[in-house]
Ligand code: SAH
């Protein structure tokens with residue numbers, strides 16, 4: 001096979017100009033179409049690069065010197081930015097981040113979705129006024145160093161846990177509780193779980209904070225279902241933090257890097273904490289999905305509601321509904337809402353939340369959206385509007401097919417992965433729908449994560 005197919009060579013130097021970023025935040029430059037990935041460079045920048053690894057379809061390079069710097073480059077404020085890897089964009093100005101996310105959505109819509117950007121508006125990303133300290137959930141792996149517990153993040157490409165005192169995108173309340181739990185447990189001789197030996201006990205600490213209610217939940221993820229020094233540890237946490245309303249233990253006996261196990265027990269207080277988004281109050285239990293950026297969640301849901309254009313007469317389906325957050329937003333303006341979600345605890349929360357808010361026009365079903373919605377359709381449930389908010393892998397094909405059969409007038413697609421959004425929009429477009437506009441909303445400032453909501457209408461409606 002001719003070697004000339006790869007246009008760069010290991011240990012050689014090249015002058016490159018960067019066009020894009022990978023999902024991990026590395027700069028992407030191309031040499032005769034062949035992609036080179038380099039850390040710590042931004043789109044629009046040029047640099048001298050040494051090639052350090054050549055693979056079949058791409059290569060990795062090391063930044064030797066920047067020859068042209070982006071005007072949007074800034075000093076990353078976090079001292080552990082490079083080691084942590086949790087944020088990827090701190091060295092890009094916030095305006096630069098918002099522009100980048102808008103462009104990213106445009107790029108995938110045209111490249112993956114083959115959609116015509118002349119007829120679809122991709123709006124500028126809606127960002128935060130203060131894009132720091134926004135996360136309402138901390139979830140940290142626990143390890144040991146010199147006899148004491150440490151908790152924070154895995155050093156990149158290793159299983160070593162680096163201790164973190166403070167995270168700049170985390171709400172300070174969460175950092176405080178994580179620090180205290182670590183210290184209290186350390187003092188009581190609690191041992192951290194060790195992946196290599198599958199011994200030890202404490203695997204993860206999760207803390208959730210209801211920004212509006214001020215209520216907090218602490219979750220201990222442990223290898224076994226015992227709890228050494230339980231009474232003393234609980235007593236110390238609750239006496240120091242009056243906001244803690246719920247302490248929960250999740251048991252994960254498996255040798256796995258999946259965080260949670262199947263069994264969850266309340267150790268103290270409530271099974272859930274409360275929080276509000278807009279006028280709606282939510283009960284949130286340990287295993288339920290709840291958006292991590294409360295301020296931007298309101299922005300996102302308001303946009304979804306606007307795109308749904310409800311008059312009060314519609315039947316709406318909310319697929320991938322979690323604890324019914326979007327469903328209940330919609331229920332305020334629709335005749336009837338059906339929500340579906342795969343996690344049974346989340347559906348329990350959703351039902352409780354409908355009751356809590358006096359919304360008796362919402363009904364919820366447990367199961368895979370791609371199974372439950374086709375069944376509903378067979379039973380004669382027909383939606384005027386369908387809202388989908390799937391995980392990163394996007395909508396299942398069977399669900400898209402049911403949407404095409406059911407022909408709701410509107411589809412509102414809330415997406416945390418522009419790539420799968422673009423793929424699914426293409427299917428809907430080929431089936432008679434038209435994407436009208438897409439609004440990126442910055443739910444995850446300082447990171448590469450990009451959220452967007454799309455308004456899609458059935459074509460006959462616009463042709464009529
Ligand atoms: N709309 C909610 C949740 C969105 S996150 C909110 O904004 O809070 C996506 C949700 O999809 C998660 O709750 C996850 O448990 C659920 N999920 C994942 N795969 C699913 C499937 N095949 N069918 C239904 N729900 C699924």
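Each position is counted from 1, following the chain as shown.
Each residue, glycine too, has its Cβ placed from N, Cα and C.
389 is the only one of 389, 396, 405 that TrEMBL places in the S-adenosyl-L-methionine site (with 291, 320, 341). Residues listed for S-adenosyl-L-methionine, 291, 320, 341, 389, cover a largest CA to CA span of 15 Å. It is 11 Å from the Cα atom of residue 291 (S-adenosyl-L-methionine binding site) to that of residue 416 (active site). Under the three-state DSSP scheme, residue 341 (S-adenosyl-L-methionine binding site) falls in the strand class.
Within 8 Å of the Cβ centroid of the S-adenosyl-L-methionine site, not counting the listed residues 291, 320, 341, 389, the chain contributes 289, 318, 321, 322, 325, 326, 390, 414. Sequence-distant contacts of residue 320 (S-adenosyl-L-methionine binding site), defined by Cβ-Cβ distance under 8 angstroms and a gap of at least six in the same chain, are 340, 341, 342, 369, 388, 389, 390, 391. Secondary structure at residue 389 (S-adenosyl-L-methionine binding site), taken from DSSP and collapsed to helix, strand or coil, is coil. For the recorded site, residue 416 (active site), the DSSP three-state label reads coil.
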